[in-house]
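Participant: Before I ask anything, here is the structure I am working with.
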Amino acid sequence: MNDPLILGVESSCDETGVAFVRGNTLLGDVVASSVDQHARFGGVVPEVASRAHLEALLPTIKRACAEAGHSLRDVDAIAVTSGPGLAGALMVGVASAKALAWALDKPLYGVNHLAAHVCADVLDHGPLPEPTAALLVSGGHTNLLLVRDIASDVVELGGTIDDAAGEAFDKVARVLELPYPGGPHIERAAEDGDPNAIRFPRGLTSRKDLERHRFDYSFSGLKTAVVRWVQERQAAGEPVPVADVAASFNEAVADVLTRKAIDACQEYGVGDLQIGGGVTANRRLRAMAQERCDAAGISLRVPRVRLCTDNGAMVAALGSQMVQRGLEPSSLDLPADSSMPVSQTKAS
Ligand code: KG4
Ligand code: ZN
């Protein structure tokens, strides 16, 4: 017998994502992004994002149905991002998923966006080894997680105490007069630079900070250090070596992200590390994670870039895990919970 067919809906930030998953197989995956509408503001504008979801949702569902070769009537269960994310943006997806669940008379699962990011990898590499450690790095999140059961038992080991890693890329890009979103532009500029040219700070790595924040991250000090370094050059009337600044900044971020992730694996005796989120597209981060995992005897799982950024596939994948494990669906009055903790994988 076929596994149940799950429809996944994602709308927590600036991507409207709709996808179909059966078991661990992705059947159709469509993403409409409003990133271009935010570019001139240098960051996501919540009201613009909500409106864009409203306009994109129905056409995206239609395209996903066409791509999967399924109609909504074939759906066995619906999964939607319940949180965390932007309240107005989440509300569009949650309200639409409720309407579909009610009209089709199918169970609805409100799922956690962070757990869904981790679950995306199931679509590329099969069932997740459990326990596994997961590092999530995007414009909105930077979290180190211990996943004991992807559907029901995820523990946050640490997270950023200020900016997310992707946010730091975006802010430093602005200082270097590179376009938004900054990550890919910094990466390109860094190709011609020397990663050891400037020793930028690694946040929360001093012995004292490690006592309280061993698995937490901080990028605002790094951002300030870059700003100051650039301003000093400009004040002295010297040219700014953009490639060296970009490479040294990229190196500092990759170093601290991977160092703490490996430390977490060793502390918790976990042999597998999974990384995800938009910043995972960064080649230096991937290479450093691979080198350090190899040296520590940890196996690294990284989904393809399309599955690292926000999408409906990861939401459907987590819904599918919940259905496979026989978890109760959420109630039809489940909330759009902008600060849903990762320990809560499913809305009640
Ligand atoms: O996961 P994502 O698409 O959206 C959310 O934030 O949820 O991540 C976008 C973030 C942006 O901050 C962008 O600058 C960063 O990921 N990013 C990168 C790269 N590509 C995207 N950062 C570093 N290197 C990249 N190649
Ligand atoms: Zn995300």
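Each Cβ is built from the backbone N, Cα and C atoms, and glycine gets one as well.
According to TrEMBL, the protein carries these features:
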type    : residues                                                               : note
BINDING : His113, His117, Asp310                                                 : Fe cation binding site
BINDING : Leu136, Val137, Ser138, Gly139, Gly140, Asp170, Gly183, Glu187, Asn282 : substrate binding site
DOMAIN  : 26-316                                                                 : domain 'Gcp-like'
REGION  : 329-348                                                                : region 'Disordered'
Participant: Please spell out the DSSP helix, strand and coil residue counts for the region 'Disordered' (329-348).
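Facilitator: Looking at the region 'Disordered' (329-348) with DSSP, the answer is 0 helix, 1 strand, 19 coil.
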Participant: Just going by other Cβ atoms within 10 Å, which of the binding-site residues Gly140, Gly183 has the emptiest spot?
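Facilitator: Gly140, out of the binding-site residues Gly140, Gly183, has the fewest neighbouring Cβ atoms within 10 Å.
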Participant: With the Fe cation site defined by His113, His117, Asp310, which remaining residues of that chain have Cβ atoms positioned within 8 Å of the Cβ centroid?
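Facilitator: Neighbours found: Glu10, Ser12, Cys13, Thr81, Gly85, Leu114, Ala116, Leu136, Ser138, His141, Gly277, Asn311, Met314, Val315.
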Participant: Are there any residues at least 6 positions away along the chain from His113 (Fe cation binding site) with a Cβ closer than 8 Å to its Cβ? List them or say none.
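Facilitator: Expected: Glu10, Ser12, Thr81, Gly83, Pro84, Gly85, Asp310, Val315, Met340.
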Participant: Of His113, Leu136, Gly140, Asp310, the binding-site residues listed, which put a C-beta under 6 Å from ligand 1? Please answer none if none do.
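Facilitator: Correct list: Gly140, Asp310.
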Participant: Cα within 10 Å of His117 (Fe cation binding site) is the criterion; apply it to the binding-site residues Leu136, Gly140, Gly183, Asn282 and give the hits in sequence order.
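Facilitator: Within 10 Å of His117 (Fe cation binding site): Leu136.
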Participant: Using DSSP, would you call Gly140 (substrate binding site) helix, strand or coil?
Facilitator: coil
Participant: Return the members of Leu136, Gly183, Asn282 (the binding-site residues) with CB less than 6 angstroms from at least one atom of ligand 2, or none.
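Facilitator: Among Leu136, Gly183, Asn282, near ligand 2: none.
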